[in-house]
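Below is one structure, written out as structure tokens; the observations come after it.
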Amino acid sequence: MWDVEIRGMASAHAIVASSIFLATVIPAVFLENFSVYGSHMVWLYSVAGSVAVVNIAVFWLLGISPPTKKNTLSFKINRLFRSCLYFLLSCLFYHTVVVLYGAPLLETALDTFSLAVLLSTFTTLRCLCILGPNIQAWIRVFSRDGALSVWDTSLQITTGCSLVGAWLGAFPIPLDWDRPWQVWPVSCTLGATAGFLTGLLVAPVWIHWHRKLLTYKLK
């Protein structure tokens, strides 16, 4: 059972990671003079959109989301509405946090919000896909020893790596190197993306390596 779960996770993570690669390559084919730095907002939303679509499709096909007792149309619409609302609130939350950490309040508000959208895609969207719009389940997963499955553990790892990557990406910005990737928020988005990719790689490897120590019940 462990091997099946871990192989399924590794395959899902590989597909999600591939979507980031495709989101970088495909715009370069269709857009003239496209570059990650020069056309950064195009690249950012291309990555966010690709990761969002692939995450939703993969987790829906795998049936990772927790089962629900209700299956009515009104319940599904309510669930979709709450998921969209939580994602929007997550974007606003990240935007506020980034501003409190020193990002310009008005001058680059759109760029800051775009970073918040990317972070929400890497973190909140995966929570919605794996746990559903259930705040109590989110709190449980990110509390001490709160994971109940390998997917919960992968969520902890990818979320942590994404946030740490964005935080580390802010360090080069104040340096006077005059590099194109130092323009706000390029280094932070690149750091978050690199952190997310690292989490996708590390999660199945770490779980496989420590599978004998993990005692939670698989869903």
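Note: Cβ is positioned from N, Cα and C throughout, glycine not excepted.
Note that TrEMBL annotation is computational and uncurated.
Here is what TrEMBL says about this protein:
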type     : residues : note
TRANSMEM : 12-30    : transmembrane segment
TRANSMEM : 42-63    : transmembrane segment
TRANSMEM : 84-106   : transmembrane segment
TRANSMEM : 112-132  : transmembrane segment
TRANSMEM : 153-171  : transmembrane segment
TRANSMEM : 183-209  : transmembrane segment
Sequence-remote partners of the transmembrane segment (84-106) [C-beta within less than 8 Å, at least six residues beyond its ends]: 112-113, 115-117, 119-120, 123-125, 128, 133, 135, 170, 184-185, 188
Sequence-remote partners of the transmembrane segment (112-132) [C-beta within less than 8 Å, at least six residues beyond its ends]: 41, 44-45, 47-48, 51-52, 55-56, 59-60, 64-66, 68, 79, 83, 86-87, 90-95, 98-99, 103-104, 138, 141, 151-152, 155, 158-159, 162-163, 166, 184-185, 188-189, 192-193, 196
Tertiary contacts of the transmembrane segment (42-63) (same chain, 6+ residues out, Cβ under 8 Å): 8, 12, 15-16, 19-20, 22-24, 26-27, 31, 34, 36, 114-115, 117-118, 121-122, 125-126, 129-130, 189, 193, 196
